[in-house]
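Among the features that Swiss-Prot reports, disulfide bond is placed at Cys44-Cys58, Cys59-Cys72, Cys62-Cys81, Cys84-Cys99, Cys102-Cys117, Cys105-Cys125, Cys127-Cys143, Cys146-Cys158, Cys149-Cys166, Cys168-Cys179, Cys182-Cys194, Cys185-Cys190, with the record citing sequence analysis. What Swiss-Prot lists as domain 'Death' is 362-447, and the listing cites sequence analysis. Here Swiss-Prot flags Asn54, Asn86, Asn145, Asn151 as N-linked glycosylation site. The region 'N-SMase activation domain (NSD)' annotation in Swiss-Prot covers 340-350. Positions annotated as repeat 'TNFR-Cys 1' by Swiss-Prot: 43-82. Sequence annotations record features per position, and here Swiss-Prot assigns repeat 'TNFR-Cys 2' to 83-125. Residues or ranges marked as repeat 'TNFR-Cys 3' by Swiss-Prot: 126-166. What Swiss-Prot lists as repeat 'TNFR-Cys 4' is 167-195. The signal peptide annotation in Swiss-Prot covers 1-29 and rests on similarity to another entry. Taken from Swiss-Prot, the feature topological domain 'Extracellular' applies to 30-210. Summarising the annotation, Swiss-Prot assigns topological domain 'Cytoplasmic' to 234-461. The transmembrane segment feature in Swiss-Prot is assigned to 211-233; the stated evidence is sequence analysis.
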Amino acid sequence: MGLSTVPGLLLPLVLRALLVDVYPAGVHGLVLHPGDREKRESLCPQGKYSHPQNRSICCTKCHKGTYLHNDCLGPGLDTDCRECDNGTFTASENHLTQCLSCSKCRSEMSQVEISPCTVDRDTVCGCRKNQYRKYWSETLFQCLNCSLCPNGTVQLPCLEKQDTICNCHSGFFLRDKECVSCVNCKNADCKNLCPATSETRNDFQDTGTTVLLPLVIFFGLCLAFFLFVGLACRYQRWKPKLYSIICGKSTPVKEGEPEPLATAPSFGPITTFSPIPSFSPTTTFSPVPSFSPISSPTFTPCDWSNIKVTSPPKEIAPPPQGAGPILPMPPASTPVPTPLPKWGGSAHSAHSAPAQLADADPATLYAVVDGVPPTRWKEFVRRLGLSEHEIERLELQNGRCLREAQYSMLAEWRRRTSRREATLELLGSVLRDMDLLGCLEDIEEALRGPARLAPAPHLLR
């Protein structure tokens, strides 16, 4: 009566028939294809590949940097691999029949070569420092400069594949990765980032002006001050006292130049000294005024620096009738005055008690001052032992009166030197060392005169 059926087989056959009619492709997928079965059976372990002609044979893959020249001839035999040529590479194990060509960095994209191509590695391209990669595809990228965040701060630094992320200051908004002033805000997007009105923008500008203006004024004042100090130190004649205060040193005075009148410093009483040991004045009245000790400062001549003391004239006009003699004749018992001993270094002069300046009168000191040339005076007092500080101090004390300053220097040397050493012989020795023998003779001639008084004061107009 119908087809005989095997128990348990009817139901699967019916289901298969139904599936074939409804889902033919799905049923076909349930049945293994002969080629797939062959591939599954011929799968090789890692590091090997199936022989293209005999799927049952597994050949060893070629190492990176090499390519497949010939397949292995049988199981357990080596594959014939060859090294890649220049300009080609293989970066992993393979069974390629030829190597891959090396890539080249694209200069139009600002790419630079990081490392060259080798047989086992492709060329590595990248960007310069402070640049990042902007990818246009999976492999194509362009190098762009990292943003410096002007008018803002760096929130995230620049990375290899990402630009700098900036955080803009108040009054600025971010547009195209740049912080732009809110003054240029024209659309609704930036207005959300710039809620400030025109008043706040003006406040921001006023804040900048408030900060910069004091700095400009401060640096301007500093520049003017240093310029003023430089001019004061350069042109000392303008303000001598200001120059002394600012520059920390005295105003230099040209030696030999006439100086304005200034009050000379007062010295204590000085006893009269005569370089002629045998001469002594008498008590008889004489019209020639005699020198008295100085007790208070008086006007002193300031323009005698270039005038030397000369010996008195050999002939003196006779006095008027009825007037007594100018100087009385010494008694017969009074010895005749002996001439002033020369300032020499002979044994006789050394043993004959050299004239000491400890008790010298101002006339003797003025004779030395007038005898030494002004251009050599500082050298003269330096040789006597005065320091630069003392010389400058005495110049300042006497204002611009050169002659009184020189007198003060000589008096200072006499004061600080012992009585035994402060002698005319020492001054003469210094003058000889300075090759000023003519000046030495002029001083000796001036000191031999009967009247050794300082010249009359002469006031500058």
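Positions of Cβ are set from backbone N, Cα and C atoms, glycine also.
Projection of Swiss-Prot feature records onto the structure.
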residue : record                      : DSSP (3 states)
Cys44   : disulfide bond              : coil
Cys72   : disulfide bond              : coil
Cys84   : disulfide bond              : coil
Cys105  : disulfide bond              : coil
Cys125  : disulfide bond              : strand
Asn151  : N-linked glycosylation site : coil
Cys158  : disulfide bond              : coil
Cys179  : disulfide bond              : strand
Cys185  : disulfide bond              : coil
Cys190  : disulfide bond              : helix
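Each of the disulfide-bonded residues Cys59, Cys84, Cys102, Cys166 was ranked by the number of other C-beta atoms within 10 Å, and first place falls to Cys59.
Within the chain carrying the repeat 'TNFR-Cys 4' (167-195), a Cβ under 8 angstroms from the stretch's Cβ atoms is held by residues 147, 149-155, 201, 204, all 6 or more beyond its ends. Of all the disulfide-bonded residues listed here (Cys102, Cys125, Cys127, Cys179, Cys194), Cys102 has the Cα closest to the Cα of Cys59 (disulfide bond).
The repeat 'TNFR-Cys 2' (83-125) scores a mean pLDDT of 95 in the predicted structure. Here the CA atom of Cys58 (disulfide bond) lies 8 Å from the CA atom of Cys72 (disulfide bond).
For Cys127 (disulfide bond), the nearest neighbour among the listed recorded positions (Asn54, Cys149, Cys158, Cys166), judged by C-alpha distance, is Cys158. For the domain 'Death' (362-447), the number of residues in each DSSP class (helix H, G, I; strand E, B; coil) is 67 helix, 1 strand, 18 coil.
Counting same-chain residues at least six beyond the ends of the repeat 'TNFR-Cys 1' (43-82), those with a Cβ under 8 angstroms from any Cβ of the stretch are 89-99, 118-120. Taking the C-alpha positions, the distance from Cys117 (disulfide bond) to Asn86 (N-linked glycosylation site) comes to 9 Å. Under 8 Å, Cβ to Cβ, and six or more positions away along its own chain, Cys168 (disulfide bond) finds Asn151, Gly152, Leu174, Cys179, Leu193. Cys105 (disulfide bond) sits 29 Å from Cys149 (disulfide bond), taking the C-alpha atoms as the reference points.
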